[in-house]
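Structure first, commentary second.
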Amino acid sequence: MNSRLQEIRERQKLRRQLLAQQLGAESPDSIGAVLNSKDEQKEIEETRETCRASFDISVPGAKRKCLNEGEDPEEDVEEQKEDVEPQHQEESGPYEEVYKDSSTFLKGTQSLNPHNDYCQHFVDTGHRPQNFIRDGGLADRFEEYPKQRELIRLKDELISATNTPPMYLQADPDTFDLRELKCKFDVILIEPPLEEYYRESGIIANERFWNWDDIMKLNIEEISSIRSFVFLWCGSGEGLDLGRMCLRKWGFRRCEDICWIKTNKNNPGKTKTLDPKAVFQRTKEHCLMGIKGTVRRSTDGDFIHANVDIDLIITEEPEMGNIEKPVEIFHIIEHFCLGRRRLHLFGRDSTIRPGWLTVGPTLTNSNFNIEVYSTHFSEPNSYLSGCTEEIERLRPKSPPPKSMAERGGGAPRGGRGGPAAGRGDRGRERNRPNFRGDRGGFRGRGGPHRGFPPR
């Protein structure tokens, strides 16, 4: 109880500090001097209305007086204006508000609280709106969902038990033929060094940039399995369209867009180098996900487990010059696809990971051996990590398809052009050859009976 009370007090203290900064007060204790109460605001409005009313009434009265006494109306009106205007300025002067910040124009101006106007809060404080998303990290994301948290724990244990030893190969994809890996991969993660990353960070790159024409020339279609997935980091600019073109060229269909949202809680107000091709500062990146072959979540539970994670990654923005992607992308891929043949292109020493083959030009060493790597998948279906009964029970699944009886149907009903066209027996009779129609129980034309029988 004491810890909970202490937490509430700390939040209240932080809230008062933010309000003091927002309202331009010297300290959190002086917020009351800056804010006006509702009674004071009402009194100010009444005084203003009185001043305006007295000014509006005084001028016509002076004009009528001039006309009654026969004096020159223009001279008297000018004299009255000179008498009234200084008085109006003196009366209304003390009540003119000086806007020190944008607090008056925020949502809910009657209380002068910032409420949830996160865009204006960013302008005033430098805190990005995504800083206030709750439970964004891996540790506390499923804190209120014990079933999902248990599922994640069980899947992590299974993945760590079935992962292959980490392997890595120092090679430049520009000159290295990927077909020499002699393996068809279930998952391929591509992290090309785009020029966009270095333009935003304002640093000089140690490796050459890759344009989208070079990325499209990669032989991804030659090293991907019949049913497989590719994850392509494409930045936040022109790569969103050009990345889709790459997926189509490699034989993949775009099925998802994983968005990395960058927060600045530790360094609010920090401004990045503005990209000359952008109007605003970009605070997110995209990872396009492509699918090859036929994979259905309802029938291919041995290969994919859908809806285990979300399609958002919310982490703190890396330091200036750091272009590494969040490690959470590996968790998303491993939780989703049960294939164990995983390839990471353009990897670095910091991204070497169990269960993955890392290939990149900046790696400092190599331990990849084709024969050793192939032995991990020599048995039938050994490329799959498998699934336990508990994981199968906890994971989200598609609802089972309803049977004909549950949908309220018995025998197939007639339709247009189907085997039972029309309605009931008449539709089935119509499908017989040489059918001429029955009317009133008597067949065709002529004969002893014509037309309908008498009633």
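We count from 1, first residue shown onward.
Heads up, the Cβ atoms here are built off N, Cα and C, so glycines get one too.
Of the listed segments 254-257, 338-341, 350-353, 374-377, Swiss-Prot assigns region 'Interaction with METTL3' to 254-257. Residues 277-286 are the range that Swiss-Prot records as region 'Interaction with METTL3', among 7-16, 147-156, 277-286, 317-326. Swiss-Prot assigns the feature region 'Interaction with METTL3' to residues 307-311, out of the candidate ranges 177-181, 207-211, 307-311, 382-386. Feature region 'Positively charged region required for RNA-binding', per Swiss-Prot, maps to range 244-253 of the set 114-123, 244-253, 354-363. Separating the Cα atoms of Tyr145 (site 'Interaction with METTL3') and Ser398 (site 'Interaction with METTL3') is a whole-number distance of 19 Å.
The Cβ of Ser398 (site 'Interaction with METTL3') has 12 other Cβ atoms within 10 Å, all protein chains considered.
Cβ-based crowding with a 10 Å cutoff singles out Arg244 as the top-ranked of the recorded sites Arg244, Arg297. A gap of 7 Å separates the Cα atoms of Ser398 (site 'Interaction with METTL3') and Arg297 (site 'Interaction with METTL3'). Mean model confidence of the region 'Interaction with METTL3' (254-257) amounts to 94 (pLDDT, 0 to 100 scale). For the region 'Interaction with METTL3' (277-286), same-chain residues at least 6 beyond its ends with a Cβ under 8 Å from one of its own Cβ atoms are 128, 130, 199-200, 233-240, 243, 257-262, 264, 271, 317, 325.
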